[in-house]
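For reference, the structure discussed in these notes is given below.
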Amino acid sequence: MAARGFLFCCVLLAFSFALVLSRSSPMSSQDSVLDVSSLNQKTLDVLSFEPQTIRNYDLEQQGAESSSGFTLQLHSRASVHKPTHKDYRALTYARLERDSARVRSLQTRLDLAITGIANSDLIPQETVLESEALEVPVISGTSQGSGEYFSRVGIGRPPSQVYMVLDTGSDVNWLQCAPCADCYQQADPIFEPASSSSYLPLTCDTHQCKSLDVSECRNDTCLYEVSYGDGSYTVGDLVTETVTFGDSASVNNIAIGCGHNNEGLFVGAAGLIGLGGGSLSFPSQINATSYSYCLVDRDSDSASTLEFNSATPPNAVTAPLLRNHKLDTFYYVDLTGLSVAGNLLSIPPSSFRLDDNGEGGVIVDSGTAVTRLRTEAYNSLRDAFVQGTKNLPSTNGVALFDACYDLSSKKSVELQVIAEDINAGR
């Protein structure tokens, strides 16, 4: 895969395997105007604004039961933690480094699934709690910026309010818990299991424990471990807890890891809510028929939204989501082609296809900011775009990008529209 691409902003994930695209009709224009002045101002603002105070209850509730729809607000890391970089270039490099690390770990996990090597096969049983099994990464870390988005949720009864990362590339939900053998810094107090009346450890014979990739049994209590490709990990007890959204929208008996030994680049959030397709993910546990998210620019201090069981927007264009039988966590779209300025590029569909061996395909991932394409597909897209932008002053490449332009003397420019063709199914 070539580390190249463009950012997708809006998707809707539905467990009937439908994707609702952020457009209601085909592109009617071949060109789009880029407001350079506005973008330049935004890069200055993101380094200067103070993190906002997030209310405890960032939720629009449509019903307290898990079968009803409800909406959460998502906040970018920059809106919660002020970046410490000296300039926007340094911030961008840090984001790209984390983005690349996440993609490498996603690819590693896929490779392991395809070859039939389970995470537990990599770890001697007697050293499970000190090992570094490969799992999908949580690319979070310091206030240096990343592609993550937070939501404010309550854990336990009465609810303790914490920031949690939302991640479509993970299944296991977890948060840091006292007592801590090793805990990283987070924005809120560490969760105290003793203060919650709904805290209940899971035994080793439960289906939730048996669904873990890596687990261990100690005194008939299920221990979990989730390790990440960058060496970060969380280890602790697998329990059930009440998760509260807003004043009264709560879901009981959610399997969640109570991590007593956590290390790595998780600074800020208390833990993670997994939105993947596996049985332990939050949507799977609440039997959600669908969930959707729309992410604003991560440099914005505005809130995004995450909705469960929401109605399909009127006049929406839908397409099926594909699943990989080798690994049920990830969501795929059936991308069939790319076009630049209305002209379909000559790229074989096999460049995007998920094959019977679980290889290839196009993954939708909330934690990856830069869309990656296979080398041949990217080269075709880049060459067509460069051909149509000869009037713009080019400059040296930056990090993984090799088609760059110096727009410092421009207030606005016209750019060719890049569009994707996705198989809409029946």
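Cβ coordinates are placed from backbone N, Cα and C, and glycine is handled just like the others.
Feature annotation from TrEMBL assigns active site to Asp167 (among others).
Residues near Asp365 (active site) in space but far in sequence (CB under 8 A, at least 6 apart, same chain), listed by position: Arg102, Leu106, Thr168, Gly169, Phe330. If you look up TrEMBL, you'll see Asp365 (among others) marked as active site.
The annotation domain 'Peptidase A1' is assigned in TrEMBL to 149-426.
The signal peptide annotation in TrEMBL covers 1-22.
Per-residue pLDDT, averaged across the domain 'Peptidase A1' (149-426), gives 87. Taking the Cβ of Asp167 (active site) as centre and 10 Å as the limit, one finds 27 other Cβ atoms among all the protein chains shown.
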